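TrEMBL has this to say about the protein:
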BINDING   55, 56, 120, 233, 504, 505, 533, 544, 545  FAD binding site
DISULFID  441-496  disulfide bond
DOMAIN    276-290  domain 'Glucose-methanol-choline oxidoreductase N-terminal'
């Protein structure tokens, strides 16, 4: 990032560290500054307006509130009091909940792969498998981050929401199996991204309760921040002839009433988009910043012709093998990761909550199809929830070993479906378009099969069930809407293509150097930045949530 911006942030953090002990703070979930948008006046004025109270938006709002007035607009509700979010055993249920007030919004990419957008304060940290690991140092250099400040910001996050996992039998067997098949060295428990096998952090505490980015609002100055829930941003407002300047936003509350939030008249005031890799490019386009012809086709007035908005969309492809166990296994999400030199990450989960891999997959049992707005029908959603829960309970004696590839190199694009901000846009990820991605998947699957056959893992698999049966089982499971090919039973290349799933690490759409500069300012306009995963060219580490929270800080 630019030297001036880093100096400003460094000075701000120094001031925060000095004053924090003297500043009154509030404890989650009892935030007085978190309110329903229906309680907001028609017009509001703030130094900073943050669109999206997610993985980056919450730490960003907390940090900025130490020296300015901040408004955070979150389209979803609160994560607190929702057991599907809080409890590790309800993990699959939170992903399969497609009710109007659900924290997850399902969508099907144009590749025929099920995916989920977060719709809740705390964003994806409320829905994911909880794995916490930092980006590697080479990534920091590539994106021009100040390594010292980055590490301080990671530590700030870790004090609130990160724990060492318990490492019971299943996870230990996977760890030992990875080491047995040569994914060395063993790096123990660490947040650092290192080749070999390691135990990473988790956002689930020892009682199995999830901690999210919303907990980072405990750092906020409650007198200077307002967080509005169920505040659906329709568009950003611009003024000025020649070079446009963002000056406000239009949003609606849960009852449909319109509100306007405006920046105070200060040269430092800004609007910051933190709506995620799907939401941020969508909001930019709805506001008139994007490919001009595409915007005009939807009747949107062009503020800035920016053809790269929505480009460079990527999703790290995930492929997996489900392994039934002859004995019960613990409920665990991601705790161990193998990072081989070919850059395919091996992870595992077990027990009933491992069903995150199948939570969306089972939707096809009832012929789930999106309607014209990219939404799911109520009947299909209800059936999907029932089937997912039944499936997870029936397969509690087992687990899944999965791999995702680094990067990836393959990219796609995002386009508006219509002008309704509630509806999902069209998203194409082009999984395995680049041959190198496919080869990494094949190498990762070979490693998984070796782990399954390892001595260390022998207590958790039936001797009379060969791996070919496990492969065939995945091919017969409705994990996506893609066609199956006969040769997928013997070709790992075709198996990867046919059974690809998401691991919810999608990114791009507002990338640095294309849509925003190295200070994350939107190119061609003033008083507007983007701070979230849409700015990434690659997904950092094995799981991006640590880096997204750090980036917000």
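Each residue's number is its place along the chain shown, starting with 1.
Note that Cβ sites are derived from N, Cα and C of the backbone, with glycine treated the same way.
Source: prediction; values computed, not measured.
Other Cβ atoms within 10 Å of the Cβ of residue 545 (FAD binding site) number 29 in total over all chains.
For residue 533 (FAD binding site), the same-chain residues that are 6 or more apart in sequence and have a Cβ closer than 8 Å to its Cβ are 55, 56, 276, 277, 506, 507, 539, 544, 548.
When DSSP labels each residue, the domain 'Glucose-methanol-choline oxidoreductase N-terminal' (276-290) comes out as 11 helix, 2 strand, 2 coil, counted as helix, strand and coil in that order. The recorded positions considered are 55, 496; of these, 496 has the fewest other C-beta atoms within 10 angstroms of its C-beta. In the shown protein chains, 26 other C-beta atoms lie within 10 A of the C-beta of residue 441 (disulfide bond). Note: the Cα of residue 504 (FAD binding site) and the Cα of residue 441 (disulfide bond) are spaced 17 Å from each other. For the pair formed by residue 545 (FAD binding site) and residue 441 (disulfide bond), distance between Cα atoms is given as 22 Å, rounded to the nearest Å. The C-beta environment of residue 120 (FAD binding site), restricted to residues of the same chain at least 6 apart in sequence and closer than 8 Å, consists of 74, 76, 77, 78, 79, 85, 103, 104, 126, 127. Over all protein chains present, the Cβ of residue 504 (FAD binding site) has 22 other Cβ atoms lying within 10 Å.
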